[in-house]
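Annotated features, as they stand in Swiss-Prot:
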- C137: active site, nucleophile (ACT_SITE)
- E208: active site, proton donor (ACT_SITE)
- D44, Y141, Y167: substrate binding site (BINDING)
- Y47: site 'Increases nucleophilicity of active site Cys' (SITE)
Amino acid sequence: MTFSKELREASRPIIDDIYNDGFIQDLLAGKLSNQAVRQYLRADASYLKEFTNIYAMLIPKMSSMEDVKFLVEQIEFMLEGEVEAHEVLADFINEPYEEIVKEKVWPPSGDHYIKHMYFNAFARENAAFTIAAMAPCPYVYAVIGKRAMEDPKLNKESVTSKWFQFYSTEMDELVDVFDQLMDRLTKHCSETEKKEIKENFLQSTIHERHFFNMAYINEKWEYGGNNNE
C-alpha cells in the first residue's frame, strides 16, 4: 500500500462523520439555512485566499518545473475555478456571491485550520508536511461529492445538487497529484517523520469537519460577555 493511500484510508472514519453531520445532510436535502450558507461562503473565501498563499510558499521547495507548474495552475483554480461551486450556493439563497463575501469573517475553526497549514509551511523544509496539511481539503470534497451523487437522499430538484456534482469530479486531478507528490516526497522519510506527516493529514481532516460545522452553528469568537463581543 502506498503511503498516500494509507493516509486516505485512515481518514475515512472522519469523512464519514463529516458526511453525516448537519451541514452536509441539510445540503443534501436542499434545506441548508441561509445563515449557514453565508457563513460558509464568507469563511471559505478567506480560507481559499490563504490556501493560495501557501501554494506559493511551496514553489521554492519543489525540485521540478512540472511540480511548480502544477502549483501555479492550482493557484489559478483557487482564484477562479472554485468560484463556480460557491456561486451555486449563492444562487440557492438568491443572493449575489460578490455581495455575500463583501463581509469578511475569520471564525475560530478557520483560524486554527489556516495556522496549522502555515506552521508546516514555515517550520518544515520537506514540502510533504505542508502537503499533508493541505491534501485533505480536496480529498474530503471529492469523497463527499461522489458519495452524494450515489445517495438516494440527494435532492436532485435543488440547485444544491450541482454543488455535489461539481466536487464529484473537479477535485480528482488535484487528489491524484497530491498523492504522487506525497509518495515521492516521503520516499526517504523516517518512520517518525511519516508518523508526524500522517498526524498532519488526519488533523486537517478534523479541521475540515470543524470548518463545515463552524458554518452550521454560526461559530464566532467568544471573548466573555456581551461587552466584549
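Numbering starts at 1 and runs along the chain as it is shown here.
Note: Cβ is positioned from N, Cα and C throughout, glycine not excepted.
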Here's one to test understanding: among the recorded positions D44, Y47, Y167, E208, whose C-alpha is closest in space to the C-alpha of the residue listed as 'active site, nucleophile'? E208
Pairwise Cα distance for Y141 (substrate binding site)/Y47 (site 'Increases nucleophilicity of active site Cys') [Å, integer]: 15
How long is the line from the C-alpha of Y47 (site 'Increases nucleophilicity of active site Cys') to the C-alpha of Y167 (substrate binding site), rounded to the nearest angstrom? 17
The record names D44, Y141, Y167 as the residues that bind substrate; what is their largest Cα to Cα distance in Å? 15
Can you count the other CB atoms that lie within 10 A of the CB of E208 (active site, proton donor)? 22
Quick one: Cα separation, D44 (substrate binding site) versus E208 (active site, proton donor), in Å? 11
Give me the CA-CA distance between Y167 (substrate binding site) and E208 (active site, proton donor), in Å, as a whole number. 15
